[in-house]
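According to TrEMBL:
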type   : residues : note
DOMAIN : 52-159   : domain 'HIT'
MOTIF  : 144-148  : motif 'Histidine triad motif'
Amino acid sequence: MEARRLAILCSHLNPPGPNPSRDPTLRVYGCSSGSSDDDGKVEPSNLQNDCVFCKIIRGESPCLKLYEDDTCLCILDTNPLSNGHSLIIPKLHYPTLEETPPSVVAAMCSKVPLISTAIVKATDSDSFNLLVNNGAAAGQVIFHTHIHIIPRKEHDCLWASESVRRHTLKLDKEASQLVSRVRQQLRSLPEEQLVQPS
């Protein structure tokens with residue numbers, strides 16, 4: 001598993017392909033993951049120097065940009081699971097989903113219908129998976145929040161788990177206890193986190 005993570009990380013650091021200075025589809029971006037001084041320069045002490053995505057946002061690493069706005073950037077994954085596999089990343093550095101402000105998560109998710117529709121059409125796919133690997137145990141390799149859009153075609157057999165038989169949830173004491181524990185966790189949150197924005 002560690003070798004796979006290292007390979008993925010290396011592919012993001014050194015993507016294969018054309019020379020970025022000669023390919024007009026490769027872009028560089030100013031990083032907004034730090035604070036700026038009066039000259040508009042980003043203070044290095046506030047940047048994540050070892051973060052692959054921060055390097056892309058700062059323009060230190062090349063990327064193939066599909067979409068960009070003030071909050072997020074969508075790029076092609078350099079180690080794709082399928083043709084068109086893309087990543088939506090926030091322009092500010094947040095290591096995990098829990099540490100990402102709800103407004104940033106909302107901005108990223110609000111672009112999913114637009115971007116995924118374009119990717120599915122461009123790749124002649126049938127559908128897509130939307131995936132967030134949050135934490136090491138869930139397979140997160142780059143600790144900068146990101147959303148995967150993975151185009152799918154019928155019978156592509158991308159996930160081994162698709163052949164695993166699912167089991168019906170038993171409506172028993174164990175399930176009821178799980179529901180109670182989750183609800184208790186939600187009740188312990190500050191009320192402003194539970195209120196939906198209007």
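All positions are counted from 1 along the displayed chain.
Yeah, the Cβs are placed from backbone N, Cα and C, and that goes for glycine too.
Helix first, then strand, then coil: DSSP counts for the motif 'Histidine triad motif' (144-148) stand at 0 helix, 2 strand, 3 coil. Per-residue confidence over the motif 'Histidine triad motif' (144-148) averages out at a pLDDT of 96.
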